[in-house]
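Worksheet: one structure, shown below.
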Amino acid sequence: MKHLLSIDDLSTDEILQLFETAADMHDVQSREVKKLPALRGRTVVNMFFEDSTRTRSSFEIAGKWLSADVINVSAKGSSTSKGESLRDTVLTVCAMGVDGLVIRHPASGAAVQVSQWVDAAVVNAGDGMHEHPTQALLDAYTLQRHLGSLEGRHVAIIGDLTHSRVFRSNVQCLTRLGARVTVVAPPTLMPSGIGAWSAAAGFETSYDIDAVLPEADAVMMLRVQRERMSGAFFPSAREYTVGYGLTRNRLSLLKPDVPICHPGPMNRGLEIAADAADAAQSVVLEQVSGGLAIRMAVLYHLLAGDTWGGIA
Amino acid sequence: MSLVIKGASLLGQQTRDLYVDDAGVLVDEAPSGAETIDADGLVALPGLVDLHTHLREPGREDAETILTGSQAAALGGYTAVLAMANTSPVTDTAEAATRVWELGREAGLVHVQPVGAVTRGLAGEELAELGLMHRSRAAVNVFSDDGKCVHDARVMRRALEYVKAFGGVVSQHSQDPALAGPAACCHEGELSGRLGLPGWPGIAEEVIVARDVMLARHTGSRVHVAHVSTAGSVEVLRWAKARGIEVTAEVTPHHLLLTTDLLTGYDPTYKVNPPLRPQEDVDALREALTDGTIDAVATDHAPHARHDKEHAFVDAAFGMLGIETALGVVRTALPDLSWSDVARVMSTTPARIAGLAEQGRPLEPGSPAHVVLVDPDTAVTVDRDASASLSRNNPWHGRSLTSRVVHTVYGGRVTVRDGALA
Ligand SMILES: [Zn+2]
């Protein structure tokens, strides 16, 4: 693994190995001294062309706990506003001797393109509507800790699929780990061509949340990305909540102890009711700590040199 | 200077010598003291005519100039190009059109015919001075807001009505902006869904083609559909032509050969507007060109400076080079197309649509000597660095294309000799 651009870059074994490393990293988090020397002398740049305090902090802490030198570059709007190309922007930063480049960009495919231009190991921290592989890894990691193996377990992914990179990475990651996945959205928020795609990739689609919830072993709610919506995707917030929200009433449809995930930030009262967000089976905060462990594992495997070895 | 072209096969049929007099006109008898071009084994066609070229001058001379674009055109076998109006400033006045025409004459390698904007500043609101552009020395006959769609039906209706007075034609970039959306950059389908790229659905083209066909019927005017890209548009064209509606259409070489699958790596070289479509559409376009539903091949040659393509896919500029390679791409996509059909779709018909009386003429005495000589049996591997264009956004780099343009003659002047600028 030279880069982590897509879940597609990882074999099933590599995913499971990342989970093992992440479990070790998770233990480190409870130590009094949280530093490991693994990436001493390595430089990691977090290059964020789009704001995300949560993902950026997670990568920053992950790098620091591994003793890397971590630099944050807020590149929001820089290339277009100064007339510089994306290629020039990243080459300029990488010319300073960067080992790892963690990139977040509002355009799909940006991380893939950047990986073709630079020598550094590139981690895709979210590219437009395309992928967010570390989010999918942390989601699957969190669910695996709750469910044991994901093999044969039924995961429902519900919400704005069209605009969701979390969905695109998760559907690959979960199916690769043997889960049965059903995605639920109104037809206007299903990506074009999802029929052929789901048939080829082996997941199911539904417009009916109430039919899917009772069968689910885990529920993943997606953020409604109102900022990406230029068109008439649904009539009103109220109608969306009634049709597709995880409301308090719907909690009773779930089998007991079914974990509820949300990648955050949550639109409370829209896609997820406060009662659901704060329910005992909500794993939202575990996702955050798991995210840190996963990002430590990813940086470790990409940059520590002795690829796929254990932790000293 | 007079010229003898020896042993060329006219339209791939009978072999004959062609004679060109001092005035650059084809004549009956060999002129004395003429330069001789050995055309043994070469196919002679009337010089190619491109209905759709972006020359970038004025405004973006770092990407292309009228001179370099003319050189690229000559190397591609062209003797006339229609220079699209979306330059900076826009070609929306008689003065701007005349300037482009003059620069084309100075370059002297092909006839550069300016296309006039339909609306002022391509804003889609007020008509540009269509009549004054027509009356200017540039004699503008084709009007287009290309790059943008004239999406207001009322404005489109008025434009079609207005140009009737002087036999003009409106060439439409068919893209409903609401259906395609502002960020549309990739064919809307399974692939765009997976890649997370904003889709540009075929229906956004088809509804405009259908609407414009009805407007052409209503106004009794001529509409030309630029770069048709979908099977649905072909169906509409077939319907319209069967009813005698005055509509013509063009297809680009790249839409005849490349498919949307090329976008899996997010390479902006393949970002073009309209986008590359799936194989079903490509097949329908090939069939429509062969049976005459689509009238012409037009390149949509769209040079861009490197830094305008080196952005994230959605932010990169639309367009690809195409004028040097068009003949080879058409021959590769449609190897069974006869040479007389190639001449029809790449020269005769485009000249007729554009109203260029001197172009696309049969290679017989009395016609201006606009001739391209093609080696039909040699494949060429495209090298983007060998291009005359100032830009390198060449989707054909490294590919092998059938046929080689060997010589180009523009008004009796040899512009390309043995594959190189003369
Ligand atoms: Zn166009």
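Indices start at 1 and increase along the chain as displayed.
Each residue, glycine too, has its Cβ placed from N, Cα and C.
The Zn(2+) 1 site recorded in TrEMBL includes B:His52, B:His54, B:Asp146, and the single candidate from B:Asp300, B:Asp308, B:Asp315 that the record places there is B:Asp300. Here TrEMBL has B:Asp146, B:His227 binding Zn(2+) 2, and the candidate from B:His111, B:His173, B:His187, B:His301 in that same listed site is B:His173. Only B:Asp146, B:His173, in sequence order, out of the binding-site residues B:Asn86, B:Asp146, B:His173, B:Phe318 have a CB under 6 Å from ligand 1.
Using a 10 Å Cα-Cα cut-off around B:Gly319 (substrate binding site), the recorded positions B:His52, B:His173, B:His227, B:Asp300 reduce to B:Asp300.
The two recorded residues B:His54 (Zn(2+) 1 binding site) and B:Asp300 (active site) have their Cα atoms spaced 7 Å from each other. For B:Asn86 (substrate binding site), the nearest of the recorded positions by C-alpha distance turns out to be B:Asp146; the candidates were B:His52, B:Asp146, B:His173, B:His227, B:Asp300. The Cβ of B:Leu55 (substrate binding site) has 31 other Cβ atoms within 10 Å, all protein chains considered. Close to B:Phe318 (substrate binding site) in the fold, though at least 6 residues off in sequence, lie B:Cys185, B:Lys271, B:Val272, B:Asn273, B:Ala302, each with a CB less than 8 Å from its CB.
Binding residues for substrate (B:His54, B:Leu55, B:Arg56, B:Asn86, B:Asn273, B:His304, B:Phe318, B:Gly319) extend across at most 16 Å, taking the greatest CA-CA distance. Around the Cβ of B:His52 (Zn(2+) 1 binding site), the number of neighbouring Cβ atoms within 10 Å comes to 29.
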